[in-house]
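Everything below concerns the one structure shown next.
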């Protein structure tokens, strides 16, 4: 329901009714921001925050993955911090290791650890300053820290801010919560160092983005399919015109389904779960065991313990137009 209210080019009647509450939200958020900035923690290690000003999935984690891979290729020593949304660790800060479950650290940290093959420290804490201090103490040779999300976590000083924008949803009706999808007013974009727009946006939206500096466009590119059970990798063309059921428990499943369709897969059914869904075997009851199941990397991490031989995830990369 909220999607129908928020993601319109212009606010509808209900959004207008909710606008007074949005003004209260903005006032509270501004006071919180000022209070946090007065006691900001400044690390000696440069910190880059990759976040957004809207709710929902915009593609932050793939951007973090891409940037960390670039730093590794330059022989740098990056580390990653995250809130660890939905995590149930015994203590914080919590370092992700090879034995860590997604339920302990959260979906995105688990996926990043797997994708980066344990090459970088990943530390989670609801208070990101704790995670930074843990890295400073335990990984003193770290020369850059990437924060997956946390743009509005002003307790932590940052050296660079990158905002990720979904080209399809953009900023919706451009109103703040609850009248619209924004966590902060759209004017906040004038303060950030870089904006990365993922997907193809309209000419009208490109005109809007001309008001902001350092806008980069990127698109999601399907790279390969990976078997969840065996980790076998195959070219995406292997699934051309093959029937498959698509599973998605992410913030914006439409993007995933579109990527599958662009890979010439014949999707016979789509099963959508809420973002950060804790998958169990019962979620797949009624699915023909002979048909191929395809899901996102983030979802696959949580299905490893009960995956079948014909379950795959689609790995992706970002094609950046610099």
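Glycine is treated like the rest: Cβ placed from N, Cα and C.
Note that the structure is a prediction, hence the values are computed from the model and not measured.
The annotation ATP binding site is assigned in Swiss-Prot to 54, 55, 56, 57, 58, 59, 60, 61 on the grounds of sequence analysis. Long-range C-beta contacts of residue 58 (ATP binding site), restricted to its own chain and to partners at least six residues apart, with a cutoff below 8 Å, comprise 52, 164, 165, 166, 169, 198, 251, 252. Following the DSSP three-state reduction, the secondary structure of residue 58 (ATP binding site) is coil.
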Greatest C-beta neighbour count within 10 angstroms, which of the binding-site residues 56, 57, 59: 59
